[in-house]
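In what follows, a structure is listed as structure tokens, so that the remarks can point back to it.
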Amino acid sequence: DALTDRYNDLSTRVNDKLNHANEQENLLDDIQQQLDCMEQKADDFVNKYIISQDLSIAMEDVNYLRSLLDQIPILAMENITERGLKENLMKKADIVKMKIKNLLIPLEKDIRKEQELMHDMDEIISTLASISDDVIAVDSNIELSQQLENIAQLAEKLRKLRGKIEKLEERLQGSEGMVKRALITDDLFGRVVELQNALDDKREKLTNRAKLYAIIPEINLINEIGEKLAALATFNAIKDEVETQLSLLHSIPTSISDENTVLELDNQLSDINDKTEKLQRLREKVLHASVSELSSEQYDERNVLLSKIDGLLLHAQKNHEYFDEKRIQLLALETICTECKVLYSELENLVKDGQKWLDDSEALPVSYNVTSDALTTLIETAVNLRINKPYIEQCTEPIFAQLWELIDKAKDVQTQLIHRIYVWEQFVKERDSAMVELNDIQKQIREIEGRGRRKIDKMLDDLEALKT
């Protein structure tokens, strides 16, 4: 007995050491695989940024690299008991961390530079739009000296803005880093020149108008000719003013991009509404101008002006419909993104539960059924979401790709659960069949025992019956 106890004790200790060694080996392999995977991802990013990337992509990659740093399994390494192995893993982790940081730090720096550049460019475009509104707002009804003073102030603003544009274009022409340079689709210098020409035109028209006002008393001395000239001058003034304002309104750009946010779309819609109101006011001014004294040529010019205004109004209406539709789609995508995040969280928890039941040798079979049914429901919900809303594929949010990847993992776990259910059902079927056979044999034995002692040939018959 003592020898048996010693043997059992020794066997237990050997098994414990073997189990511990296996656990250490599995943990080491798992950590090594994680580090190798992270190193490969870091190398992939390094190769990716041999070529400059768009700002939006770079910002997503920075977030991913930061999360990759947080995923380095430092705590898991502390559970490695072999000092040499632990040190090797720590060195490997330091190498991976350094690779990630060597890419992350310069990438963040280039992103900040590009964001500053975009901010300065937006500020210049906003200033141009503001000056454009101010040029349009120069009122011909204000006293002449006040109008000339306003024009001089606007000319000074344009001069300062030209210097800012020159500096901006110098920065844009600099060499690219890891982030692509922004492309200016607008001719900023051209818009400055247009505004300057508009100011010069207004200054010239003010001078001409002053000359006209100076001779109005003489014109009024000749009734019929005076009235006709006054009507013609009024129409020409209205025509010149409307043409100038139409030119300025036409020069205001409409930014169309696939990456517009809801706020940017709201701003675009607001700008289009403002532009539409200005066009409506110009149309009313042309319509209310007296036409009784106009020549046929000037009457045709009036109709051409109205046609131009109507064309711009139609274009503004189409732009408004386009941006409104984009805004509705973007809001719908945000709603779907929220649904997918909730669905991802629920599905991730179910996958963990399913894996837990698969790893638990003492799990109840009902756990397999419940988890498998729940997985079926969530997978069908995700698939229906993808089918019923196909433009979901156009979204660049990472949650969608993560959800599809998780669905594949969930299907794999579900397949294993169904297999476990099938194995259990087969076991129950075999067990029940064996119990029926055992009960039949026991019944035959009781019948033989109940017959008592008999001749040998009868007992041999009973024995043969049992064997069959």
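Every residue gets a Cβ built from N, Cα and C, even glycine.
Mean pLDDT for the coiled coil (14-48) in the predicted structure: 75. Annotated coiled coil per TrEMBL: 14-48 (among others), in sequence order.
The coiled coil annotation in TrEMBL covers 141-185 (among others).
Annotation comment: TrEMBL describes 23-117 (among others) as domain 'Nuclear anchorage protein 1 spectrin repeat'.
Marked as domain 'Nuclear anchorage protein 1 spectrin repeat' by TrEMBL: 227-329 (among others).
Positions annotated as domain 'Nuclear anchorage protein 1 spectrin-like repeat' by TrEMBL: 413-467.
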Within the domain 'Nuclear anchorage protein 1 spectrin-like repeat' (413-467), how many residues are helix, strand or coil going by DSSP?
50 helix, 0 strand, 5 coil
The domain 'Nuclear anchorage protein 1 spectrin repeat' (23-117) - residue tally per DSSP class, helix then strand then coil:
81 helix, 1 strand, 13 coil
